[in-house]
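K.L.:
Below, the features straight out of TrEMBL:
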type: DOMAIN; residues: 68-103; note: domain 'EF-hand'
type: DOMAIN; residues: 104-139; note: domain 'EF-hand'
type: DOMAIN; residues: 151-186; note: domain 'EF-hand'
type: DOMAIN; residues: 188-223; note: domain 'EF-hand'
type: DOMAIN; residues: 265-300; note: domain 'EF-hand'
type: SIGNAL; residues: 1-19; note: signal peptide
Amino acid sequence: MDLRQFLMCLSLCTAFALSKPTEKKDRVHHEPQLSDKVHDDAQSFDYDHDAFLGAEEAKTFDQLTPEESKERLGMIVDKIDVDKDGFVTEGELKSWIKHAQKKYIYDNVENQWQEFDMNQDGFISWDEYRNVTYGTYLDDPDPDDGFNYKQMMVRDERRFKMADKDGDLIATKEEFTAFLHPEEYDYMKDIVVQETMEDIDKNADGFIDLEEYIGDMYSHDGNADEPEWVKTEREQFVEFRDKNRDGKMDKEETKDWILPSDYDHAEAEARHLVYESDQNKDGKLTKEEIVDKYDLFVGSQATDFGEALVRHDEF
């Protein structure tokens, strides 16, 4: 598979994903945990380190001396303080944590960026994306792989325009990230719902009925008996998905299904870090307050946790 085919599959994976007859397809976008560590500050700050830095970056701090950790943490604080007012608010901290947790997404975009930015101007236009992704495929009315590239391009263009906030058909890196990973951005959630409904709504009536819902995740494939999980899904549709009991899911019901309002882990962690570090209890953090509690935010080589715990308890 060449780059263009890979990218089309990546951006339209929900449209063409195939499942085994007995394999459940999951379209629900859950907010992932910030760390696989136990969040118990009485034992260690490992969870906080992973949450604040991302798991991979947190490992690099474990190799630093306390002095080096403090220095690098100070530089990070400057980045978190977006409005440069000398304070880090819960909101700024929440945004930083969310960004740190999505590093793998940004790395993915960074790896692809050069392939699309043909004129190397630091932006990707719709024309650049279209030419790189589709190229000569549009000249073939009957491709061997069975994809309808013109239809795919129309869908991609619609999503590109949604991601392009200023409407100039030229994407910044952040806008291009929203285009490739729309489920990660609040302003792109409507397009995620729309594309999902188009995938599942086989009779194109603008709704998802029970059989369409089941048919998206399970194919009978000649089997008369449904697996138990399929029966459970039928019950889920009737009891929870179809909230107004009209036998089908509309746009809002579909949104509640695939984009549930999960517990906001980043917000909870930001609140926790501010509470633990805010010495004067003014609801925001200075760089000094954060660096003073560096062991809570980042790790370091040979840090004595007993001493860190004493400092932790003093505040």
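Any Cβ shown, glycine's included, is placed from N, Cα and C.
Unlike curated entries, TrEMBL annotations are predicted automatically.
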K.L.:
Taking residues 6+ outside the domain 'EF-hand' (151-186), which of them lie with a CB under 8 Å of any CB in it?
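P.N.:
Those are 8, 10-12, 15, 29, 102, 105-106, 108-109, 112-113, 116, 123-127, 129-130, 133-134, 138, 192, 195, 198, 259, in sequence order.
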K.L.:
Relative to the domain 'EF-hand' (265-300), which of 68-103, 104-139, 188-223 accounts for the most Cβ pairs at distances under 8 Å?
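P.N.:
Out of the listed stretches, 68-103 contacts the domain 'EF-hand' (265-300) most.
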K.L.:
Could you give the number of helix, strand and coil residues in the domain 'EF-hand' (104-139) as assigned by DSSP?
P.N.:
26 helix, 2 strand, 8 coil
K.L.:
For a three-state summary based on DSSP, what are the helix, strand and coil counts in the domain 'EF-hand' (68-103)?
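P.N.:
Within the domain 'EF-hand' (68-103) the tally stands at 26 helix, 1 strand, 9 coil.
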